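Here TrEMBL flags A:1-24, A:64-83, A:94-111 as compositional bias 'Basic and acidic residues'. What TrEMBL records for A:84-93 is compositional bias 'Basic residues'. According to TrEMBL, the domain 'TMC' annotation covers A:524-639. Residues annotated as region 'Disordered' in TrEMBL: A:1-111. Marked as transmembrane segment by TrEMBL: A:289-309, A:378-399, A:420-442, A:454-474, A:644-665, A:701-725.
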Amino acid sequence: GNERRKGASRAEEGESQTRPERIDRGRRKRTRSHQDTKGSEGDEEVQPKIQSGRAAKTRKHTKNEKTRKKEEEEKAEKGEGKERHGKRKKTSASKKEREEVGGKHTMKEKAQEVKRKNIIQQMNCIHNSLSSEELEKLKEAVDERKKLIQALRGKPWPIKKKCVILRESQEFVEKYEGALGKGKGRKLYAYKVLMSKALMGRPYGTIPRKTVPRAEATSAMDFAVLWDFGVSCIITLTLTTSCFLQWPFHATFRKMCFQGYAQYSVLFYGYYNNQRAVGWLKFRMPLSYFLVGVGTVAYSYMVVIRTMARNANESGVGDDNSFNFNWRMFTSWDYLIGNPETADNKFASITTSFKEAILEEQESQKDDNIHLTRFLRVLANFLVLCCLAGSGYLIYFVVRRSQKFALDGLENHTWWERNEVNMVMSLLGMFCPMLFDVISALENYHPRVALQWQLGRIFALFLGNLYTFIIALMDEINLKREEENIIKFNITVWEASLFNGTVSVNSTAPPVTIEPADVPRGPCWETMVGQEFVRLIISDTMTTYITLLIGDFLRAVLVRFLNYCWCWDLEAGFPSYSEFDVSGNVLGLIFNQGMIWMGAFYAPCLPALNVLRLHVSMYLQCWAVMCCNVPQERVFKASGSNNFYMAMLLVILFLSTLPAIYTIVTIPPSFDCGPFSGKQRMFDVIQETLESDFPAWFGKVFSYASNPGLVLPFMLLMVLAIYYLQSTSKSYKEANMELKKKLQTVVQNMFPPLVQQSCFNVYF
Amino acid sequence: MRGRGRPWDKLLHYSLCNVTGQQDCTFFTRKEILRLHARYHELAPHLVPMDYTNDPDCKLPLALIVNMPELKENPFCSRIVESFSEDGMGNLSFNEFVDMFSVLSEMAPRELKAIYAFKIYDYNVDNFLCKEDLEKTLNKLTKEELTPEEVQLVCEKAIEEADLDGDHKLSFADFENMITRAPDFLSTFHIRI
């Protein structure tokens with residue numbers, strides 16, 4: 001019974017083994033026919049070499065197998081068939097030796113067949129003769145080999161060695177895994193081997209392709225645009241869905257007495273009715289308007305802070321300037337460069353960066369005249385402050401003037417006078433940074449520090465301008481509110497007069513129908529605010545495009561074509577081509593986003609407009625960069641200042657949402673336009689919703705939760721938590737530094753040069 | 001020798017086990033290896049066989065490989081090719097060619113790249129980055145625009161920064177310690193083919 005089973009299993013195994021064998025044999029037949037048909041001299045010479053090479057390989061394999069088997073059999077406790085083993089091996093060995101001496105192809109083939117049969121028999125014997133511990137060990141060995149095959153890619157060995165090791169390991173695994181399996185398992189394994197050979201490896205695309213390296217992506221403008229674009233898109237989506245949900249149910253939309261059709265559109269606040277619930281869905285329009293506005297701000301905060309946290313995590317080691325020269329030497333050349341012009345630029349920028357580093361090093365070794373430097377820096381800051389104050393006053397003055405013009409009636413003035421405010425703001429934004437650049441030459445800072453100062457000053461300039469603009473806007477809002485009061489008074493008078501006219505008869509007269517379009521409308525200050533923001537953004541966009549076309553494109557065209565007939569080299573000296581200013585452009589994007597955040601509450605479709613604008617900007621600037629710009633000479637590790645830009649974005653987010661929040665909380669909405677008309681304050685809509693739409697107990701809970709007695713301790717708790725987290729993070733940082741230092745000293749002391757060299761040799 | 005034939009003839013002629021072997025030894029998929037073979041063949045159509053079943057011993061010289069557009073502008077092109085060749089002279093067989101691009105691809109891990117980067121910058125092949133190696137690297141990078149004093153200063157500072165064992169040259173351990181902290185290493189030490 002046992003023998004029959006053995007025989008059966010042997011037959012099974014023989015089958016499964018012969019199938020891959022047949023493929024190998026088939027391949028060999030093909031190669032043999034190739035060799036026969038070649039017939040050239042060179043090939044004939046090569047053939048015996050190849051054959052003897054193969055013979056050598058098989059010799060090596062059989063030797064390995066023999067030694068392995070010998071080891072295993074020495075371990076084997078059961079003596080069953082040991083003698084049979086020995087005899088068979090001896091016969092096979094002697095046969096092979098005969099074959100090797102002869103060196104003929106057909107004899108070798110027969111020997112290989114015999115070898116295979118032996119292997120099958122031996123495997124069976126191994127399987128039956130080894131105890132379970134040896135089987136386990138064998139299994140482990142097979143698993144180890146499999147792991148080696150998986151990890152082979154990452155090994156630093158020469159490829160020849162890798163190929164040989166791969167072949168050996170694969171054969172080992174094939175052989176012994178078959179042996180370890182039982183019955184069906186073996187068949188399945190053989191089937192897998194067959195299928196993998198038929199399918200010729202893994203299908204295309206299993207290895208994940210193409211991940212954009214993070215360092216590159218985060219500092220480039222197009223990423224900022226895309227990120228911005230992403231945030232804008234989400235804000236747009238929420239706003240537009242809330243718009244369109246109630247659009248088909250809009251019964252009456254209120255006309256406004258401003259020029260242009262756009263004012264009546266969804267774009268502005270005034271379009272929205274103050275009906276509490278619209279349509280058969282009972283869509284709570286005012287509530288949704290309010291919540292969407294607040295929600296988009298909250299979402300923006302979340303996204304910015306999450307991105308900052310992620311950046312902080314990844315920069316990990318942090319501003320480690322300890323390998324400055326090494327990194328410049330070994331990681332500054334970009335191996336992807338294939339264009340000779342780019343290569344030249346890269347060489348130039350590397351040389352410049354080395355010169356800067358050298359200069360810095362030399363200067364750090366000498367420190368003369370601190371007083372002069374300090375005085376110059378103070379002077380520079382004073383000049384910059386004067387500049388900022390001047391620009392702030394100029395904007396205020398211009399806004400006042402435009403208010404006067406508005407009172408006179410806008411038709412009496414030229415285009416410039418009508419759009420003075422926006423033009424002045426844009427022009428200031430163009431020329432002041434250049435001025436700051438010139439002033440900063442006094443300061444003599446490290447280039448990266450100087451760049452940060454420059455960006456900070458430009459930031460202050462824009463912020464100052466924006467806030468002056470908002471203050472002027474506030475004045476206008478107050479004006480409009482006064483106007484509104486007058487109109488309200490007029491309306492009551494007018495309505496009274498209407499009724500007075502008919503009341504002379506009995507009060508049974510039908511009520512006078514008042515056409516909604518005939519009622520004098522109040523000025524809608526919210527729509528006015530929205531309009532101002534839209535105008536600001538459009539003028540900003542136009543300025544950017546015009547500067548691009550004139551400053552970059554026209555300049556490039558002039559330099560290129562006038563160069564032929566000019567006395568000095570226009571391309572090398574002044575004016576040459578304009579540089580692509582990455583930091584300036586990122587700053588522009590950040591401010592654009594700030595303006596959107598500010599205006600989104602009053603002009604709900606502003607983010608949508610901005611998405612369109614970003615689209616167009618991206619393509620236009622992409623073209624301009626490729627066509628007219630040269631790369632910056634100074635190459636900065638821009639990935640390091642990533643959180644700097646994010647911090648600026650966060651500050652801008654905070655500062656932009658302040659005005660909107662202030663207006664929501666303090667200024668009462670217009671009496672007859674917008675979703676909050678008629679209410680005392682805009683956030684009353686929440687109170688209303690709580691009272692009418694939610695069960696009574698909810699209102700109670702909410703009132704308890706908003707009790708100052710509860711809110712203040714909660715805020716105190718959060719402040720304490722922040723303090724605690726800050727101190728723990730500081731202590732972790734210090735511990736990190738200590739460990740780093742310890743590691744360095746340990747490596748220095750523990751490893752003498754010889755040992756390090758031998759460690760190195762292990763790799764190679 | 002067989003003619004060029006149709007493109008899919010390559011699939012038949014190219015030895016199956018050769019491709020699967022290379023797939024396991026490098027970071028490329030089968031299709032990419034076949035595409036690399038087309039590039040390799042393009043470099044010297046008369047020398048490179050389409051048929052690898054005989055395991056031919058075909059090596060292309062340094063001058064041909066360094067002319068590839070991916071390597072031409074690189075100041076270290078000859079060192080790169082030499083580091084991957086068996087004989088150290090820059091003659092690459094197809095396997096070595098694939099290996100080179102595999103290590104330089106974006107899929108290779110940092111440790112592997114560090115090892116080969118060290119080999120590339122080691123001009124005198126003594127398993128140390130001594131001052132002369134650094135000087136040669138710097139001169140290649142700046143096209144010899146720095147003055148000799150500046151070159152001296154930079155090399156001394158570099159060794160001072162990274163040398164941990166105090167032998168005034170950088171061993172592999174020093175180099176690895178330095179390069180693994182570099183934020184730009186993975187993105188710059190990358191060739192796409």
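Each residue, glycine too, has its Cβ placed from N, Cα and C.
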Range from A:289-309, A:378-399, A:420-442, A:454-474, A:701-725 with most C-beta pairs under 8 A to the transmembrane segment (A:644-665) = A:289-309
Is it the case that the transmembrane segment (A:454-474) and the transmembrane segment (A:289-309) have 3 or more CB pairs under 8 Å, with pairs at least 6 apart in sequence?
-> no
Per DSSP, the domain 'TMC' (A:524-639) contains 84 helix, 4 strand, 28 coil
Cβ-Cβ under 8 Å with the transmembrane segment (A:420-442): same-chain residues at least 6 beyond its ends = 376-377, 379-380, 383-384, 387, 391, 394-395, 398-399, 401-402, 450, 453-454, 457-458, 461-462, 465, 469, 472, 535-536, 539-540, 543, 547, 584
Looking only at the domain 'TMC' (A:524-639), report the model's average pLDDT.
-> 83
